[in-house]
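**Q** I have a structure here, written as structure tokens, and I will follow up with some questions on it.
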């Protein structure tokens, strides 16, 4: 019992001593204050006491504490409008102190989240008045910016609806029509059958909603003028909606007829007229037409105005709102524009050629008055001179013809007698492993016939034909070079058989060192590749690792590979020389490294210690070395930094230095560290620098030193002084230091500050110390923390903590691991019309307190919550700062998708082409007008046809039209219409074309044009050229025997041809027809037979082909010995035969066969012979002879019997 009593007394004494020593008053409230926010940032709860004096401290609802580097105290972020409980317990105390905290920052509250995009809702801004009052507001969902009474605080909040697909607009219940200027006939209506009621309409300028506009009938408003309106309407699914409606003035469509538009820089004749809309109120007496500008400049007549049409030309009309002719009245003015940038002006020239290459090609241009033609040699780039619009140019030129005023162009080739060719794939390979035979027709007439290809390294390879056939050439661009007839200049045509993909299944590769390099010479790599084309090898040179490309010769195959260069070896040898005074005993011996050989010294080490360049010496590569033996390692590289090596040399420094012995600090309070120098007698002078003061060292001993690094200055004469640094450590014998990781860092690198927390406990001579200093020696900008024994900026990895108490310093290594936080923006709302998608930053890391977020793009913040809105696909960068010391930039890809798609085909339409170019007009009929609030084309509104159809009439010529529209839900877009329909022309006319395909790749295809109107039109043929551009040339018409104008394009090889007819008087009035000349194999066109008479075997057969080859054709009847080269067979007995026809033509080496039958034909009965005496005698004698023979045969038979 006494023992327990003594223990209890001892416990009370120790407890009393603890509280006396710590000085903690368990009943005292800690000092704190609330820093109220100003809208954007959250409020803060600040404390004036170090957090580590508490056993526990925090707020509920939970928020992590944040370190304030400027005050060295902690704070907590508070969300305004929330009541927090602030609780804490001092160390050594049992009682928990609690306080209720409510910040008074400016914030907002919703009664409920709005239901639909236009729901009219109420929200309250708190603490926005001069004395903390609150203000109620009404709005529709949007990003709301609101300021307090004096504008010193601004709040930025994002209100999103629960649904973006519901509402009066979204369901097409709310509709409106635009008023015609001056008529006040606009309407706004709501379909009450769709669940809507209680409509109220106000002008948007009536901000207090005092003057309601009365409806004509429930929820139908008529007689409205151009204005901005608010329509309020109730429904169950959206509560009260406030619809914002803007009614624009529309105009009676202006119809423009272009009677003559030869070129948009020349005068053209146009006629203008109004449609029959608006009940015929507008007419030519109370409205005035204008051409050529935007201002009122009335014409004397509405038609036949000559003007130059340019990109700024305006056609329009105006009238007074009261339809009077008083010029001082307020007017309605409409203008429509013309878009010549979409047109090509007429471009006419003719070409005259001869059959000899010795004469030039003549090209004659026929420009309009404003046109100027310039011709360039496409290959050489130089301008070719024109004389009176006539160009005389050699054959074998590729011309670029441009027209200056319109910035339009054509290409034309004068290649002479381009060969006909046939391409046949000869392999089953894929990708670039394909091979081809290219057969040149009539190759005998060409000289210097070669084919050139270029590999990826731009080396030229030449193939030569075998009897006009380039055999098994690999996939690539083939350039056929040739001379023909009397041409001295080489012509070139190109055949595109390039294949980009290189399959690697059958490729074997061997890479080896061909020649090992060094720091001045690259290493050479020998690459051997075994492919379907054979074995290839190539040498590459490089200093460093890299990705290489092996382009196989001749073909388009490209084999990539990566190779690592082995460490390069250099034979560099370094020497050194002493620079410092040899008579001055010193550790500051300076050496100069010699023999750099153009290499760059990276680092120099002596006995494992990195040497610093001596900048006080006027020479390169000078370093200080220590006394005695120095094993110096030199690390160097070549000038490109691709070759690294190290070399070691031994340098002996002859100088003597102080021999030092150090006694560590044991008593931290008295700092009893010592430095003793045993050879102090050998120096002329010997001093120590303490706190910037130089103190002589007497008898070689310095005492009462705290832990630290000291500089010993010594010299052997009065003119020479040098120094060494000596570190006095603290004794580890009487200290206990324990470290533990409170929390691992969430950011940082080893040399930078992190946010990890490390607890340090220090006992000296068995006594726990509560106040000491901690630094991290591994960090560049080291922080010092003196309270609580906690280091709060630990970085990932090794943290060498320097713990200072009194005159002692100890180092402890603490390893931490990083636990990086993750942040992400999550989509919270898609608005209806693709204008924005809203995202909110999600922070799921409970140990993270965000200090701030920045981004180069839109970013909203409210109460430490962050939002952004996007209207496109992009990689979104944002920089987050958290837990005071952490900053990192994150990237998130935003993929933009919303219900509305600008590029969908919303408009259903029909293009009505012009009848012809003499009465040119194009109409566009909109077939689903009931799905749009508004449809316009160049500010023009269509003329209604009925409830679903409307028409844009008499449109100017174009290759397409951009129609703008607004849907009932408010979404707007622009759609290009007509491109496909007008790509083959913009009139209803056609060109009569008769096509004859090529046979046997002979280049004998043809295109015949008839019903040609050369008085009003130009005709062109356009085909793909050898230089990836279209070659155009005019078609020359002829007149046939019937007086009809026709044109026959003959001797056409296989290919695509665009036949274009351009109008002479109307710009861009054209017809274009694509004609494809295909290759067809010859066929047996006919077999003519003559049947055979009985037993005479006199049948005949004649076989004819639809192709006359210049090469022999072999005809053979299978199963017989009959064969020839003309296809005519005779003396054929009746039966069925099969003829086989073999063509030896190189352009189509084929065999075809067909059966035919020689039928049996009975001989006809001979006619009666004439009855003259000689005939009778002969007949009688013949009969008598027969009777006698018969009698003899009978007698002989009887005799035998």
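The backbone N, Cα and C atoms fix where each Cβ goes, and this holds for glycine too.
Here's the feature list from Swiss-Prot:
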- 1-22: signal peptide (SIGNAL)
- 23-1180: topological domain 'Extracellular' (TOPO_DOM)
- 68: N-linked glycosylation site (CARBOHYD)
- 122: N-linked glycosylation site (CARBOHYD)
- 283: N-linked glycosylation site (CARBOHYD)
- 437: N-linked glycosylation site (CARBOHYD)
- 448: N-linked glycosylation site (CARBOHYD)
- 535: N-linked glycosylation site (CARBOHYD)
- 554: N-linked glycosylation site (CARBOHYD)
- 585: N-linked glycosylation site (CARBOHYD)
- 759: N-linked glycosylation site (CARBOHYD)
- 844: N-linked glycosylation site (CARBOHYD)
- 1098: N-linked glycosylation site (CARBOHYD)
- 1108: N-linked glycosylation site (CARBOHYD)
- 1181-1201: transmembrane segment (TRANSMEM)
**Q** Between residue 1108 (N-linked glycosylation site) and residue 437 (N-linked glycosylation site), what C-alpha distance do you get in Å?
**A** 24
**Q** Tell me which residues of the chain lie with their Cβ under 8 angstroms from that of residue 122 (N-linked glycosylation site), as long as they are six or more apart in sequence?
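**A** In sequence order, 110, 111, 136, 137, 138 meet the Cβ cut-off.
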**Q** Would you count the other CB atoms within 10 A of the CB of residue 437 (N-linked glycosylation site), including those on all shown protein chains?
**A** 16
**Q** What number of additional C-beta atoms lies within 10 angstroms of the C-beta atom of residue 554 (N-linked glycosylation site)?
**A** 19
**Q** List the residues of the same chain that sit at least 6 positions away from residue 68 (N-linked glycosylation site) in sequence and have their Cβ under 8 Å from its Cβ, in sequence order, or write 'none'.
**A** 46, 74, 75, 884
**Q** Considering every residue in the topological domain 'Extracellular' (23-1180), what is the mean pLDDT value?
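**A** Averaging the confidence scores along the topological domain 'Extracellular' (23-1180) gives 85.
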**Q** Residue 535 (N-linked glycosylation site) to residue 554 (N-linked glycosylation site): how many Å between their Cα atoms?
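**A** With the alpha carbons as reference points, the distance is 13 Å.
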**Q** C-alpha of residue 437 (N-linked glycosylation site) to C-alpha of residue 554 (N-linked glycosylation site): distance in Å?
**A** 14
**Q** Using C-alpha atoms, which one of the glycosylation sites 283, 554, 759, 844, 1098 comes nearest to residue 448 (N-linked glycosylation site)?
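**A** In terms of Cα distance, residue 448 (N-linked glycosylation site) lies closest to 554.
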**Q** Ten-angstrom check, please: count other Cβ atoms within 10 Å of the Cβ of residue 759 (N-linked glycosylation site), all chains counted.
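**A** Within a 10 Å radius of the Cβ of residue 759 (N-linked glycosylation site) lie 16 other Cβ atoms.
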**Q** Taking the Cα atoms as reference points, how far is residue 554 (N-linked glycosylation site) from residue 283 (N-linked glycosylation site) in Å?
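**A** One finds 75 Å between the Cα atoms of these residues.
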**Q** For residue 437 (N-linked glycosylation site), just give me the three-state DSSP call.
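**A** The three-state answer is strand.
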**Q** Quick check for the class: what is the C-alpha distance, in angstrom and rounded, between residue 844 (N-linked glycosylation site) and residue 283 (N-linked glycosylation site)?
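**A** So the Cα of residue 283 (N-linked glycosylation site) lies 71 Å away from that of residue 844 (N-linked glycosylation site).
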**Q** What count of other C-beta atoms do you get within 10 angstroms of the C-beta of residue 1098 (N-linked glycosylation site), across all chains shown?
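**A** Residue 1098 (N-linked glycosylation site): 16 neighbouring Cβ atoms within 10 Å.
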**Q** Give me the non-local Cβ neighbours of residue 283 (N-linked glycosylation site): same chain, 6+ apart in sequence, Cβ-Cβ under 8 Å, ordered along the sequence.
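**A** Once residues fewer than 6 apart are set aside, residue 283 (N-linked glycosylation site) is near 274.
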**Q** Within 10 Å of the Cβ of residue 448 (N-linked glycosylation site), how many other Cβ atoms can you find? Include all protein chains, please.
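**A** For residue 448 (N-linked glycosylation site), the 10 Å Cβ neighbour count is 10.
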**Q** If one measures from the C-alpha of residue 759 (N-linked glycosylation site) to the C-alpha of residue 1098 (N-linked glycosylation site), what distance in angstrom results, rounded to a whole number?
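**A** Per the Cα atoms, residue 759 (N-linked glycosylation site) and residue 1098 (N-linked glycosylation site) stand 122 Å apart.
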